Amino acid sequence: MTGNLSNKMALGKSIKMYLTIFVATTCIYMVLYQYHMSRQPLATNEVVKQPEKSSSSSSSSSSSSSSSSSSYIASFLWAPMPNSFYNSTQNTTMGLGQGHGGGATNVTYSSTATSSGPVNASGSSYFFYSTVSLPLILSSASDANNNKSISTTTTTTAAATAGLATTSTTTTTTKTTSSTTTASTQKLKTTRISKPSHAQNSMGKSTGVTLKIRSKFVAVSDPPPLYIITPTYRRPEQLAELTRLGYTLKHVLNLLWLVIEDANRTNPLVAHTLDRIGVPYEYLVAPMPEQYKLTKRAKPRGVSNRNRGLDYLRANATEGVLYFADDDNTYDINIFEQMRYTKKVAMWPVGLVTKTGVSSPIIRAGKLDGYYDGWIGGRKYPVDMAGFAVSVKFLHERPKAKMPFKPGYEEDGFLRSLAPLQNNEIELLADECRDILTWHTQTKKNPAALPFNLTRYGNTNLAFIEKLLVRP
Ligand code: UGA
Ligand code: MN
């Protein structure tokens, strides 16, 4: 009996002991766990998520989910790029071909297109916002008729009194975009809505690639149109320079930007950058002649580009003003409003030129009395490229005017080729040359990017970025 009792007591004791050990272990474990957790970074579901950047749509083949502008280049690069994308002929025009001079390349596209015309207030405002072009196929100009078979809705809105018309065909998967731009003289009211739609290629297959046909620039008479001729060439800084200049030009109304690359073929990334900026443009090519490329001496940079721009104007422009704007310089938008009314030739100072720090006409007693520049070099017009503008009508009156392939004498040669031109016919802008509104800035040269490790980063965002970089 007692043995039985003591057995029971022993059992009770050991149960108690086990329970105590269990509770104690649990407590210790919990304390340790708490300590461990306190050392950990926030769990992923506790991290406040950034608003989604929609890059996912780029890889899906048929979805037309919204994609923000930041993903355009990425989606563009994901899309297989047919060789026919490149057009190796000189004078290639990227984008809308019809009515834009010879050698135009037409974008073949398909799908429902939505568009809205420009909002034009009192004949002086226009809108141009270009969503991204992701052309599937670029056909030659002779294929233009084939475009008719493609189901497209195009709306053309002619700006009533001003005669500014923008034909716009949009095929896009993008969201509503609106933009407001102001120019120094007028307000530009601009709103553009693109309805989402499924992009399809001409075979009727859904591709998920967004397409946009750029608006056609039609110059209006008032205020006079500006034609900005910008030579450019491939280098690590190119897209950055064009972006900076493009957004300066975006503040200026009734302007056509002639971007002319020193190359045999257009570069889709440049076209893409121009599309994204949304300034009316033509993208042409004009390679430097081989003989100058090979020389060890100074090269005539941007000359074939500028002459190509002059050819374009002779064929496509009747009035307004032309200006050579190198892609790396700095421009105050006030100069554009001032040069707009040039009758023959206008000039003004350019900062950061030579050791004098500025290149400028000298005005004495209200009259042009020579030039101030660190290097005169026997030039009749020792001025910088950024320091003069020419009327388109005047250019037409001088059918032989062009720029010589003569390093250092490009400006002088071109201005001389406009003869006869009296000094008193040269208009002096920028507060009668007492102010500086343009600068000959020079971007630091950047080395080519290091090679990309495909094995290591092939499946990451770097594979997209990599394609934007310039390698030797
Ligand atoms: C200066 C002047 O500002 C230019 O107008 C002039 O053409 C040039 O000198 C020259 O005399 O050769 P700079 O800053 O020295 O310009 O030259 P860059 O800015 O390198 O080139 C001028 C323009 O030509 C730029 O818009 C550039 O993109 C373009 N370029 C340059 C080419 O198209 N191809 C090239 O190989 C180099
Ligand atoms: Mn320069």
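For all residues, glycine too, the Cβ spot is worked out from N, Cα and C.
Per TrEMBL, the feature transmembrane segment maps to 17-35. Feature annotation from TrEMBL assigns region 'Disordered' to 46-67, 168-205. The annotation compositional bias 'Low complexity' is assigned in TrEMBL to 54-67, 168-188. Residues or ranges marked as compositional bias 'Polar residues' by TrEMBL: 193-205. According to TrEMBL, the feature Mn(2+) binding site maps to ASP328. Annotation source TrEMBL lists active site, proton donor/acceptor at GLU411.
In the structure as shown, the Cβ atom of ASP328 (Mn(2+) binding site) sits within 10 Å of 18 other Cβ atoms.
GLU411 (active site, proton donor/acceptor) falls within a helix when secondary structure is assigned with DSSP.
Rounded to a whole value, the Cα-Cα separation of the residue listed as 'active site, proton donor/acceptor' and the residue listed as 'Mn(2+) binding site' is 17 Å. Taken residue by residue with DSSP, ASP328 (Mn(2+) binding site) is part of neither helix nor strand, so it is coil. All protein chains considered, the CB of GLU411 (active site, proton donor/acceptor) has 21 other CB atoms within 10 Å.
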